[in-house]
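A.B. asks: I'd like to ask you about the structure that follows.
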Amino acid sequence: MGFLTKLWAFHKVFIIILTPLLLLPLPLLIKTKVAECAFTMFVIAIYWLTEAMPLAVTSLIPALFFPLFGILKSSEVASAYFKDFHLLLIGVICLATSIEKWNLHKRIALKLVILVGVNPGWLMLGFMVSSAFLSMWLSNTTTAAMVMPIVEAVIQQILNAEAEAHAMQMRRMSGTTNRGLQLDGTISQLYISTSENKSNRKGNTYLRYLNLKTLEKLQVEIPTTRGKYRSHKDHMMCKGLSLCIAYASTIGGLTTITGTSTNLIFAEQFNHFYPECQCINFGNWFIFCFPITLLILVLSWFWLHWVFLGSDFKALFHCKKEKSEREKAFAKIIADEYKNLGPLSYQEIVTLIIFILMALLWFTRDPGFIPGWSSLFPQYKGYATDATAALILGLLFFIIPANMPTKHSSDISYSTLITWKEFQSCMPWEICLLVGGGFALAEGTKVSGLSMWVGNQLTPLASLPVLATIVLSCLIVTTVTEVASNPATITIFLPILSPLAEAININPLYILIPTTLSTSFAFLLPVANPPNAIVFAYGHLKVMDMVKAGLGVNIIGILVVILAITTWGDPMFNLSQYPAWAPSSNITGS
């Protein structure tokens, strides 16, 4: 076993070495550009799926192999690594950096929770709505990392406040105070009797000491872990509140093109494949995906509530004149957290104004149903993109002073809302290289003829109903994305699905949009995406908890996406007709 353990420690080295060696007969025996490009694609796909090397490092392989195989010149490959996408990402990260630096995300999250109420079910919905809203504009990982500490603090306060309320209730029931439990006249220790099964108290009752004096210290220094809950109900509440953050952070990202890297990769690659199509922009993507996000979010909330909090949904809508002690404790915790933020600061106001302006510029650039602001420059049609708006406002964060001078201020130093160092710490350079590698790979498949060859092989699928093909594609990418990163999955499948759509004579958007959205449905495993891993690290969940809950959310997501693409998606993107901007679908074997 010791030898096998040592051998396994180097399994990534074996994958890196053996993968190209085992695939080498492909270019050596067939000796065509298609085979050489397929060899490159297989090597990259295996490295991405196994993460034998960092994703960003693997993304540089096209820059090495394509010039050696004579598919693309080195300068041509290099030009594919930096696109309009990267400029858009820079502007968005400037905004995200300022939001995180000045704690605007906490204010938004807590305010939304205050609005929906303090019942555990409503509390879950409040955190889901706030996380989903933030992930529309920030990365899913950033959202989960920012909101989960707030949720954990609330969980700790709830458990401790409830324990204290229970102890006080027991003292009131006894009517006396046992002085023998007092130590040094300052610390009171109470025995709290709890039971997992009320029908068998003797077999399941256990005693636990509760130090009332040190509750406040415990809630900061000692996080709750499995096995240290007052009851099964409390444990289930912790699981539900944790998972709702991971899932909502992913679901919210579907809504906007900038919300998640998979959407950005799709938009840029789609424009690369079909440059004559100007049918995907920030506005119509938001209009199409917002109902999808809303439906998935609400249905997922019902599902998580049923799994972790029970099926008594009537209690959510039962109005009571007097709140319970537990509900009062919840309300106080959230209110105190919000109060600690203080009044809206100058930095938060400026960030919020830029945030709103950026969203408005994205929406109004070319909304489709009315002329946008880009129509003010008819002689430069298509020159201005969403990246233009993002950069205009993103650069303001490096210009606007972080602190305005006052009459009583002696500090006259000039500092901006964000610094370059802070921007660099938030900028996902790995995603930049990963996307660039995808662009290079897509260009190589086009030039070598691999995409045309794949289309020819997929023509038998034309005999299947279109809906069956779409469902099958969604299921495949949803399965793969559980074990591979979402950006890697979409980058692998886009060059395959585009020729598939052309081969079976359907609008490419009909298959690319649902599969792009399905790529984000990585809800089953802690390693499936970063939000899952962040939430799992807090210790409230087991893997099977995530699998059980995630399977339901996966099914909900796919069904809602299929509903959307076959109903309001059809008239929005004219999906029922093969478009003029796509290549001729009369693909032959010649």
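Using N, Cα and C of the backbone, Cβ positions are placed for all residues, glycine too.
What TrEMBL shows for this protein is this:
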- 12-30: transmembrane segment (TRANSMEM)
- 42-69: transmembrane segment (TRANSMEM)
- 81-100: transmembrane segment (TRANSMEM)
- 112-138: transmembrane segment (TRANSMEM)
- 144-163: transmembrane segment (TRANSMEM)
- 240-265: transmembrane segment (TRANSMEM)
- 285-304: transmembrane segment (TRANSMEM)
- 344-363: transmembrane segment (TRANSMEM)
- 383-402: transmembrane segment (TRANSMEM)
- 462-480: transmembrane segment (TRANSMEM)
- 551-569: transmembrane segment (TRANSMEM)
A.B. asks: Taking residues 6+ outside the transmembrane segment (383-402), which of them lie with a CB under 8 Å of any CB in it?
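C.D. replies: For the transmembrane segment (383-402), the nonlocal Cβ contacts are 84-85, 87-88, 90-95, 97-98, 257-258, 281-282, 347, 350, 354, 357-358, 361-362, 365, 374, 377, 414-418, 420.
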A.B. asks: Please indicate, using numbers and ranges, the residues of the same chain that are 6 or more beyond the transmembrane segment (462-480) and have a C-beta under 8 Å from a C-beta there.
C.D. replies: 49, 489-490, 492-493, 497, 500, 503-506, 510-511, 514-515, 518-519, 521-522, 554, 557-558, 561-562, 565-566
A.B. asks: Taking the transmembrane segment (81-100) as the reference, which of 42-69, 112-138, 240-265, 285-304, 344-363 gives the largest number of Cβ pairs under 8 angstroms?
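C.D. replies: Against the transmembrane segment (81-100), the leading stretch is 344-363.
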A.B. asks: Where among 12-30, 42-69, 112-138, 344-363 do we find the most Cβ pairs under 8 Å to the transmembrane segment (240-265)?
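C.D. replies: Answer, by Cβ pair count: 112-138.
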A.B. asks: Take the transmembrane segment (42-69) and find every residue of the same chain, 6 or more past its ends, with a Cβ under 8 Å from one of its Cβ atoms.
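C.D. replies: Answer is 12, 15-16, 19-20, 23, 26-27, 33, 36, 77-78, 80-81, 429-430, 432-434, 436-438, 440-441, 444, 480, 483-485, 487-488, 491-492.
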